Amino acid sequence: MWLCALVWASLAVCPIWGHPSSPPVVDTTKGKVLGKYVSLEGFTQPVAVFLGVPFAKPPLGSLRFAPPEPAEPWSFVKNTTTYPPMCSQDGVVGKLLADMLSTGKESIPLEFSEDCLYLNIYSPADLTKNSRLPVMVWIHGGGLIIGGASPYSGLALSAHENVVVVTIQYRLGIWGLFSTGDEHSRGNWAHLDQLAALRWVQDNIANFGGNPDSVTIFGESAGGVSVSALVLSPLAKNLFHRAISESGVVLTTNLDKKNTQAVAQMIATLSGCNNTSSAAMVQCLRQKTEAELLELTVKLDNTSMSTVIDGVVLPKTPEEILTEKSFNTVPYIVGFNKQEFGWIIPTMMGNLLSEGRMNEKMASSFLKRFSPNLNISESVIPAIIEKYLRGTDDPAKKKELLLDMFSDVFFGIPAVLMSRSLRDAGAPTYMYEFQYRPSFVSDQRPQTVQGDHGDEIFSVFGTPFLKEGASEEETNLSKLVMKFWANFARNGNPNGEGLPHWPKYDQKEGYLQIGATTQQAQKLKGEEVAFWTELLAKNPPQTEHTEHT
């Protein structure tokens, strides 16, 4: 290993394959899996890593647009030491996201396949003992249309905090979301895959040193939305015990406004499956090749497909479930970043607002174009411009303020409303706002953007311990965030000795500002929530409401 030590002397991580003397082999309910040991500098106990462990049958043929089924058993020792293919998606955009948010040093080979229901496991446990460590299950983001498990290395988080980290995959885009609005294709296949992965964890994680009675689900963006959908789903009862939503909750997506049949009809027309019945349409789409569906995906407006109120995963709208308090009231961390629309989202959307300047007329026409996504009627646009843009005459500042408005509508306000509902139902709730610019982000990003969408991921996964270039300040911030997240996974409370106090989100609405300075504050987005609540109460948007039959 001297060569490894010499070549990578400047790095914080040096993988040592086959250490201890033989690689780890673990029994699952379906068969044995072979992993590999990876050591992190400063830790005597290596992390056992298992990549591409199947948790369901490949969702092919008749299982396309159908609930996942348990994997078939195998009689040999399955080699799980290479990254699995990511679920089918637009490869160009998928690579862009993976490059931007990859938390580890290792280059992840980007392969895509419809056969993708796999998970990765990082366990610091001595597998010869009954360790029962807390388990943290990561649900990746990417708008439910792109992304995968492997860009998120659980190596540093598992080693530093002595937790078992599991990163899961789920069907994306048309494969994960296609719904006819009836029993022929109810939709929410992505969430059913997530539930199948959590059931697999319940049945198997003890043999990897994890405690099935201490499972925390955490995710970012669409992963955060998924976490909150699972909290609201009766199907997820007892599958997890704590939850963390980073930059996304299910209230973000206006699910009760989605016209499922119209979207299905558009897909049918574009695909040439324009049949008279739902059953025939589904049958026709099942005959399409993966490449044909991928071509269809690229043609589709990505915002047209989403989680639906299917009567199964979600029996009612999120708002109704929260009002009735009929959900899994587990301890919950909810948070978002200071500038969610700072750079990465506008870039992924094709350089949204590429002009460096903005005036009221431009803002008004822009808001009209996006009014369906914002769930607003056009009549309220003047009030929004008055609230957000009138405080300055600087056209560059006006653009920043308009992006702040998008951050509020899509992230800040839904997070606060969700947290209030969780609190009122008796779930121990903690809120944060992340305010830091990681050193690992693209050089193309403006220096002024602090706390962009996805920035907290580098701290959560301990990237300063896996990649070179982090300052002492950034390294310490990552230690702090990992400690908060892991304490919460252990105890349902992020607080611990030597940490800044994180207040519970109660009627005082205390929260934590996390960044170069980490401190308590109160009433996160309180003024903005009051503005939007009053505005929408007086001017409800005229949109269609469809549910499954």
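Glycine too: its Cβ is placed from the backbone N, Cα and C atoms.
Note on SER185, SER471: Swiss-Prot annotates phosphoserine at SER471; no matching annotation appears for the rest, which is not proof of its absence.
Checking Swiss-Prot for motif 'Prevents secretion from ER' across the ranges 18-21, 258-261, 506-509, 546-549 points to 546-549. Looking at ASN275 (N-linked glycosylation site) and SER221 (active site, acyl-ester intermediate), their Cα atoms lie 35 Å from each other. Among the recorded positions listed here, namely CYS87, CYS116, GLU340, GLU340 has its C-alpha nearest to that of SER221 (active site, acyl-ester intermediate). Comparing C-alpha positions, GLU340 (active site, charge relay system) sits nearest to HIS453 among the recorded positions ASN274, CYS284, ASN375, HIS453, ASN476. In this structure, the disulfide-bonded residues under consideration are CYS87, CYS116, CYS273, CYS284, and the one with the smallest number of other Cβ atoms within 10 Å of its Cβ is CYS284. The 10 Å shell around the Cβ of ASN275 (N-linked glycosylation site) contains 14 further Cβ atoms across the protein chains shown.
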